[in-house]
Amino acid sequence: MGMTITEKILAAHAGLKAVEPGQLINAKVDLALGNDITAPLAIQEFKKLGVKKVFDPERVVLVPDHFTPAKDIKSAEQAKILRDFAREQGLTHYFEIGRMGIEHCLLPEAGLVGPGDLVIGADSHTCTYGALGAFATGVGSTDLAAAMATGELWFKVPETILFRYHGKLKPWVGGKDLILYTIGRIGVDGARYMAMEFTGEAITNLSMEGRFTMANMAIEAGGKNGIFPVDEKTVEYIRGRLQRDYRIYQSDPDARYNQEIDIDASKIEPQVALPHLPENARSVKEIGEIKIDQVVIGSCTNGRLEDLRVAAQILKGQKVHPEVRLIVIPGTQQIYAAALAEGLIATFIEAGAAVSTPTCGPCLGGHMGILAKGERALATTNRNFVGRMGHPESEVYLAGPAVAAASAVKGRIAAPEEVVK
């Protein structure tokens, strides 16, 4: 019996010829990631183990991105724990303010993840790297501590759901719309502890930015990981970034899947997920008059250059509605610089937006855009749980950058065609 991409990567890293769903394995990790929320606890647990050095200072990555720049004394102390540990251990990849970016935008850009890798991170959206044909999944801080010490971790081999997306996408439809539609169809637990393998004509034609967005939100369907077959676009993306060898895995024709789901992507409209779950996805055209107070364009889901280009295309020559706050957050310093060079930042500022240094900030209700009681936000982020962006009686709607930009102009949730004719 054949194996899926996910099964092949896990088998290779466990030193086994084959694995099957449900099997418990111990596998070597290529990269272990922590941030300013999760790494302090991992570092504390690491020190309790009595281990003096991490397994490999080039393969432990620390990124202070959630509360950076530090918003208060506590967050400053959290970041200092990372900074001190990185110095003590001689870590190659500690990303300080000025070099920092939102971790899941930053690591692929920096060439730290490649096809066939096994990556664990103490952040649930570590699954983003599946866009590169890697097995990447989120873990807890104690598991991160174990991986930092040993370079290995235990896994239960997941079953895989195969998604095939057929047809050509409509204008303004991107990866965010595909994944919101998918989560709306299968539910937030529809892929619980399963690999989500994305294939089909629409995926072949989807940009790498769109693929990162889809893989990023696999966890929002309960997925263990999201993964894409490596193709020419993948190889082109890593060319000049990844400075080491890698291995490409493809699913066998006779691989076993939990289920196979076919989706006509040509019929998908720009999507909006209503409070308070990502599964509450609707076509933007089905949504009535919903006024908003704030729009956030950015995050590890949609803070890449293509996302900013889409938003700027709609905002060019427009003004943000006087009753709306628009916050734009590029995912990394490199993305910020590229957006500046292309004139995108000027477009945002001229429209009336606030542009921030890279940070997770408002996505988790941390800083840089917290909602007050009764306020509504539309965001290109990945979660809209109760209180996610601030007050428990606020609301968050999820959408892609096109809908977000149009909504910022209209002062209500709006389709891109309402602004760009």
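Positions of Cβ are set from backbone N, Cα and C atoms, glycine also.
Sequence-distant contacts (6 or more apart, same chain, Cβ under 8 Å) of CYS360 ([4Fe-4S] cluster binding site) comprise ASP65, HIS66, PHE67, ILE102, SER299, CYS300, GLY366. DSSP assigns CYS360 ([4Fe-4S] cluster binding site) to coil in the three-state reduction, outside any helix or strand. What Swiss-Prot lists as [4Fe-4S] cluster binding site is CYS300, CYS360, CYS363.
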Task: Nonlocal residues around CYS363 ([4Fe-4S] cluster binding site), in sequence order (Cβ under 8 Å, 6 or more apart) - done: VAL296, GLY298, SER299, CYS300, ALA379, THR381, ASN382, ARG383, ARG388, MET389
- [ ] Please work out the number of neighbouring Cβ atoms within 10 Å of the Cβ of CYS300 ([4Fe-4S] cluster binding site), leaving out its own Cβ.
- [x] 26
Task: Additional residues around [4Fe-4S] cluster, ordered along the sequence, whose Cβ is within 8 Å of the centroid of CYS300, CYS360, CYS363 - done: ASP65, HIS66, ILE102, HIS104, HIS125, GLY298, SER299, THR301, GLY303, THR359, GLY361, LEU364, THR381, ASN382
